[in-house]
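Pulled the feature table from Swiss-Prot, pasting it below:
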type    : residues     : note
BINDING : D7, E8, D112 : divalent metal cation binding site
DOMAIN  : 1-224        : domain 'RNase H type-2'
Amino acid sequence: MIIIGIDEAGRGPVLGPMVVCAFAIEKEREEELKKLGVKDSKELTKNKRAYLKKLLENLGYVEKRILEAEEINQLMNSINLNDIEINAFSKVAKNLIEKLNIRDDEIEIYIDACSTNTKKFEDSFKDKIEDIIKERNLNIKIIAEHKADAKYPVVSAASIIAKAERDEIIDYYKKIYGDIGSGYPSDPKTIKFLEDYFKKHKKLPDIARTHWKTCKRILDKSKQTKLIIE
């Protein structure tokens, strides 16, 4: 039986993408993940995550979805972040099931739930994959929990790959934009980068999530200044 873990990295930052990853492995091989020292990606160093990512990609089956800031900005005009995440989670799950050509079988899917209502999150996710369940005659057990990345090795694996992938993207951004900080809205370096960029270019960078309060504050401040000048 195949087990799948799904998690994301970069849900909260004001800069950069959200990376969603589904990781699958045969249930009887789950012990191999524990032997690798797989755990919550936030407890691992950046170098350790990068090292484990390579090992995990060779050990199991991986499907990723990278939602750049521009796509998140566009999607948030019509749906909220939870819906964006559920859509991405269901997409990687379905892609992985198709890639592995799983039919007439049992699957367990473990998810790190973003919503405060884990049951609602679980039901929404199941609705999104209902078509592939029927089409392929699958018996699927879904476990959606908070901090699943700290409880289930298969989710930890997905978390590590997603986080390491995002680390690489942020490093690339730093080569282009300079010191952008951590990308989190509470980071003074990130706030300064956004303010300085806006001051110089009269717009926010493409890597900024415009629906976040940090960006809205900069845009609102600019509008108020313009009104005062006029």
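Every residue gets a Cβ built from N, Cα and C, even glycine.
Note that the structure is a prediction, hence the values are computed from the model and not measured.
Tell me what's around each of these sites.
Counting Cβ atoms from all protein chains shown, D7 (divalent metal cation binding site) has 31 others lying within 10 Å of its own Cβ.
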Around the recorded divalent metal cation site, report the further residues of that chain (criterion: Cβ within 8 Å of the mean position of the Cβ atoms of D7, E8, D112; site residues excluded), sequence-ordered.
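Other same-chain residues with Cβ inside the cutoff are I6, A9, V20, C21, F89, I111, C114, A148, D149, V155, A158, S159, A162.
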Counting only residues 6+ away in sequence within the same chain, which have a CB under 8 Å from the CB of E8 (divalent metal cation binding site)?
M18, V19, V20, C21, E85, A88, F89, D112, C114, A162
